[in-house]
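Chemist: My structure is below; once you've seen it, I'll send some questions.
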Amino acid sequence: MARVPPRPGTHPDPVKGVAESFRYAGEGLRYAWKNQRNFRIEVTLAFAALGGAVWLEVPLIPVLMLILVVLTLELVNTALEAVVDLVQPTYHPVAKAAKDTAAAAVLVASAISAVVGLILFVPPILARLGV
Ligand SMILES: Nc1ncnc2c1ncn2[C@@H]1O[C@H](COP(=O)(O)OP(=O)(O)OP(=O)(O)O)[C@@H](O)[C@H]1O
């Protein structure tokens with residue numbers, strides 16, 4: 001018989017339900033970290049950017065916003081890949097379109113973040129170098 005999945009959103013105790021939802025979200029983070037090399041690279045770059053921002057006195061809010069956009073899109077991309085692999089394990093052009101488009105969302109966000117990052121970081125780096 002098929003196993004019934006947990007539904008923390010309808011847990012009779014709302015506190016326990018919310019706690020369970022957090023736990024499953026944590027499992028999602030662990031899944032992405034374990035299975036997605038790009039996610040691990042982006043998390044590493046995020047910590048480097050935060051360290052650099054503190055050191056160079058770059059405003060933290062825009063840096064955090066860039067990190068938020070890239071990491072959340074990567075997590076959504078990871079979820080979409082999992083769903084596509086579940087429903088379409090063999091080649092299908094629509095599965096390809098779904099995965100390629102989700103990957104494109106991460107690419108666009110990463111490219112724009114890189115440009116904004118350069119605009120934020122290059123002036124203070126040049127100032128430190130005395131240029
Ligand atoms: N079921 C499928 N049908 C057609 N094309 C597919 C399918 N699965 C994957 N692909 C193609 O392969 C590409 C990479 O797939 P996928 O993202 O699952 O691999 P990956 O190794 O996890 O890559 P990454 O994690 O870097 O995105 C997709 O963007 C798509 O073009």
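Including glycine, each Cβ sits where the backbone N, Cα and C put it.
I grabbed these lines from TrEMBL:
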type     : residues                                                      : note
BINDING  : TYR24, GLU81, LYS99, ASP100                                   : ATP binding site
BINDING  : ARG30, TYR31, ALA32, TRP33, TRP55, LEU56, GLU57, VAL58, GLU74 : substrate binding site
TRANSMEM : 39-56                                                         : transmembrane segment
TRANSMEM : 62-80                                                         : transmembrane segment
ACT_SITE : GLU74                                                         : active site, proton acceptor
BINDING  : GLU81                                                         : divalent metal cation binding site
TRANSMEM : 101-126                                                       : transmembrane segment
Chemist: Can you tell me how spread out the substrate site is, meaning the largest CA to CA distance among ARG30, TYR31, ALA32, TRP33, TRP55, LEU56, GLU57, VAL58, GLU74, in Å?
Modeler: 34
Chemist: Taking Cα atoms as reference points, rank the binding-site residues ALA32, TRP55, GLU57, GLU74 by distance from TYR24 (ATP binding site) and give the first.
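Modeler: Given the candidates ALA32, TRP55, GLU57, GLU74, the nearest one is ALA32.
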Chemist: Taking the Cβ of GLU74 (substrate binding site) as the centre, how many other Cβ atoms fall within a 10 Å radius?
Modeler: 23
Chemist: Compared by Cα position, which of the binding-site residues ALA32, TRP55, GLU57, GLU74 is the closest one to ASP100 (ATP binding site)?
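Modeler: In terms of Cα distance, ASP100 (ATP binding site) lies closest to GLU74.
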Chemist: Among the binding-site residues TYR24, GLU81, LYS99, which have a Cβ atom lying under 6 Å from any atom of ligand 1?
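Modeler: Checked binding-site residues vs ligand 1; flagged GLU81, LYS99.
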Chemist: Using a Cβ-Cβ cut-off under 8 angstroms and a sequence gap of six or more, which residues of the chain neighbour GLU57 (substrate binding site)?
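Modeler: Same-chain residues close to GLU57 (substrate binding site) (Cβ under 8 Å, separated by 6 or more) are PRO124.
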Chemist: Rounded to the nearest Å, what's the C-alpha distance separating TRP55 (substrate binding site) and LYS99 (ATP binding site)? Just drop the number here, would you?
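Modeler: So the Cα of LYS99 (ATP binding site) lies 38 Å away from that of TRP55 (substrate binding site).
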